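One structure is given below, encoded as structure tokens.
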Amino acid sequence: MPRHIVLVGMMGAGKTSVGLWLAKAKAIPLYDLDQLIEEKEGKTIPQIFATEGVEYFREKEMELVNQIVSYPPGVVATGGGTLINPLNFMLLKRHGRLFYLQASLDLLWVRLKDKTDRPLLLGKEPKITLERLLKERESLYKAADIEIAVEGKTVEQLGELLWNYWEKMEKTNLS
Ligand code: S3P
């Protein structure tokens, strides 16, 4: 049974864009955790954070990870914080190949500074928060199977690169 392609990394790294591209180009299912949570809850991520809080969101995220690991193989676009939960990390690692979409703080900031849909960055010093989150999470992301630097690459290039790695890993049956 092939494993999921699991995209991990910070918000703004391009997980959703690469996930969408792969799903379309390679005709595989897309499991975008944030989008699935929004659909299930009938609310946007900022609304969920504002009304139910971050703990509730993390619970929903964990429930979803538990479900999607038994779905047909596809591409999983995680949220930037999904791997914080060790159970999510364990399940995704067991059922998927993890790809870290690596981007520098500066690149992430350029992409995120005008966005309003990332509740964790709504505070006073969003760039400092982003830097802290990156520092806190980097070791989790780096535990991925493959790390790919996104800077200077198009979504298509990233998708093809990742797909080639995934095919090789599946063919050689690396465990
Ligand atoms: C979060 C990242 C977001 C979303 C939520 C929390 C995080 O996903 O899950 O706002 O903790 O970094 P993206 O990485 O898709 O922006």
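Even glycines carry a Cβ here, placed using N, Cα and C.
Taken from TrEMBL as is:
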type	residues	note
BINDING	GLY12, ALA13, GLY14, LYS15, THR16, SER17, ARG118	ATP binding site
BINDING	THR16	Mg(2+) binding site
BINDING	ASP34, ARG58, GLY80, ARG137	substrate binding site
Measuring CB to CB from SER17 (ATP binding site), give everything in the same chain under 8 Å that is also at least six residues away in sequence. VAL155
For ASP34 (substrate binding site), list the number of other Cβ atoms lying within 10 Å of its Cβ atom. 22
LYS15 (ATP binding site), number of other Cβ atoms within 10 Å: 28
May I have the list of same-chain residues other than GLY12, ALA13, GLY14, LYS15, THR16, SER17, ARG118 whose Cβ is within 8 Å of the Cβ centroid of the recorded ATP site, in sequence order? GLY9, MET10, MET11, VAL18, ALA77, GLY80, LEU101, ARG111
Which binding-site residues sit within 10 Å of ASP34 (substrate binding site) - Cα, from GLY12, ALA13, GLY14, THR16, ARG118: THR16
Cα distance (Å, whole number) from GLY80 (substrate binding site) to ALA13 (ATP binding site): 9
Restricting the binding-site residues ALA13, ASP34, ARG58, ARG118, ARG137 to those with Cβ under 6 angstroms from ligand 1 leaves ASP34, ARG118
